[in-house]
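If you check TrEMBL, you get these features:
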DOMAIN    13-104  domain 'Ribonuclease PIN'
REGION    113-160  region 'Disordered'
COMPBIAS  131-144  compositional bias 'Polar residues'
COMPBIAS  178-187  compositional bias 'Acidic residues'
REGION    178-240  region 'Disordered'
COMPBIAS  192-208  compositional bias 'Basic and acidic residues'
DOMAIN    272-343  domain 'Nin one binding (NOB1) Zn-ribbon-like'
BINDING   Cys282, Cys285, Cys297, Cys300  Zn(2+) binding site
REGION    393-419  region 'Disordered'
Amino acid sequence: MNNMDSQKPVHTIVLDAGAIIKNQPPVSTLLNQCESLVTVPAIISEIKDTTTRARVQTTLLPFLTLRSPKPSSVKFIADFARRTGDGAVLSRPDVDIIALAYEIECERNGGDWRLRRVPGQKGLNGAPPAKTNSPEEQSAQSNPPTIPASEDEPTAASNGTELPADVAAVSETVENLEIDTGDEIPEAEQTGTKHDSALNSEDSHEASDAESDGWITPSNLKKKQAEDAGSSAIQSPEPKTMQVAVMTTDFAMQNVILQINLNLLSPSLNRVKHLKTFVLRCHACFQVTKDMTKQFCPRCGQSALTRVSCSTNANGEFKLHLKKNMQWNQRGNKYSIPKPVAGSSNGKVRGGGKDGWGNELILAEDQKEYQRAMQDEKRVKARDLMDEDYLPSILTGDRGRAGGRVKVGAGRNVNSKKR
C-alpha cells in the first residue's frame, strides 16, 4: 500500500462545487492523481441543473466520499477567515470545505504542525513529530548486545584493566613513533610555535566571524534566505506526496487556504503557491473589500471604490499593488442637485429639475432608487445585446453604465451641456 501512496502525488482531494459542476478535470483524471475524493454534503445539494446532477450521480458519487467537518474545525476556519477579511464573502459550504481539509490534514500529518494558527504568522506552528520506533527496535535499543572479550587481548599492568585490541594497537603505534623520531625541538621554540598557532587561530576565527556577519557566504546562504523570507522557524522540505489538497477557483477560499498553508490545486492539478487577483479599495478611507459587486464603500459609504491588484504568496502574506502617482479623477463631481420632492422616491410623483433631470439620481447605497434598480437588475435574466442597460449606447459611444451596473451619480459629462 505504501508503494501505491508514493506513486500518486496527492492522497486526498477535497472538491469544491466549481470543480464538480464544470467537470474540470474529469473524474478519471482525478482518480489517477489521488487515492480518495472527499466533499461536504451541502455541495451536492447546491447542484440544481438536472443534467449536471445526473452526471454527478452516475460518474462521481460512486467514487466520492461525503463527510461533514467537526464544529471545532468550522469555528477555527470561521475565525481565521474573519481575521483575513474573507469571512463576509464566504458561504457556509465554503467554510465547511476548508474546515474539512483542515481536519483531514491534522489527521494525516499527526497535528497542525505544518499550518498557521493566525494570519500573518511567521513560520509554521512547529516541527514535524518524531517517528516512533517499533517495539522490537525499542527493546534492542534498551538492551544492546554484549560482545565477549577474546582471551589473547593484552592487559594493562598499571591498573589491571583489559584493553581492547584497537586501543592496544594505537598505543603501540604511538610508542613506535616516539621512539623513531630523531631530532627534538627545543622547549623555547615549542612554546613560540604554540603561541603563534594560537594567535593565528584566533585571527582566523575573528576574520571568519566578521565575514559571516556582513557578507553572504556559501555557509550562511540558507540562513540569509530564511531571514529575508521572514520565517523564524526552520522550514521543512515539501514532501513528494501531498496528504490533503483543496481544488477550488473561489479567490476568497484560495486566500484563506494559502494563509493557513493548506495545499491548493488548480484545475490542471498543479499546486498553487502564489495568487494574483483584484480587490476593491476605497480611495477615501482606504478600506479593502473583496466583494467585487460593491459600488459603495462598506465603511464610509462613498462611491470611491477602485479596483486594485493584490497577491498572496506561499507564506500567506497579502500584498496590495498600488499604482504609482495615482491621480483621482474629479471630473463630474460638481453639479447642481435638484430639490427633493415628496413621493418621488416611491415613483408616485415625478421629481427632478428641468425636463425631469435628476429624477433617478443615486448618490448613496441606502436610497430607495438604488434598491429598486438592484431589484430590477436581478429580475432581468435574458438580455438583448442591443439593450442599452447591458451594452450601453452602442451607437452613441456613451460608456456611463458600462457592464450593466447601476449608474451612480450624474456621470463624467454632466457639465458638458452647459458649454
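A Cβ is built for glycine as well, from the same backbone N, Cα and C atoms used for every other residue.
Not measured: the values here are computed from a predicted model.
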May I have the DSSP-based helix, strand and coil counts for the residues of the domain 'Ribonuclease PIN' (13-104)? 59 helix, 10 strand, 23 coil
Among the binding-site residues listed here, Cys282, Cys300, which has the most company in the form of other Cβ atoms within 10 Å of its Cβ? Cys282
Restricting to the domain 'Nin one binding (NOB1) Zn-ribbon-like' (272-343), what is the model's mean pLDDT? 86
Cβ neighbour count within 10 Å of Cys285 (Zn(2+) binding site): 13
Give me the long-range Cβ neighbours of Cys297 (Zn(2+) binding site): same chain, 6+ apart, Cβ under 8 Å, in sequence order. Cys282, Ala284, Cys285, Gln287, Thr289, Ser303, Ala304, Leu305
The correct DSSP tally for the domain 'Nin one binding (NOB1) Zn-ribbon-like' (272-343) reads 0 helix, 22 strand, 50 coil
I want the residues beyond Cys282, Cys285, Cys297, Cys300 whose C-beta is within 8 angstroms of the mean position of the Zn(2+) site's C-beta atoms, in chain order. His283, Ala284, Phe286, Gln287, Pro298, Arg299, Gly301, Gln302, Ala304, Leu305
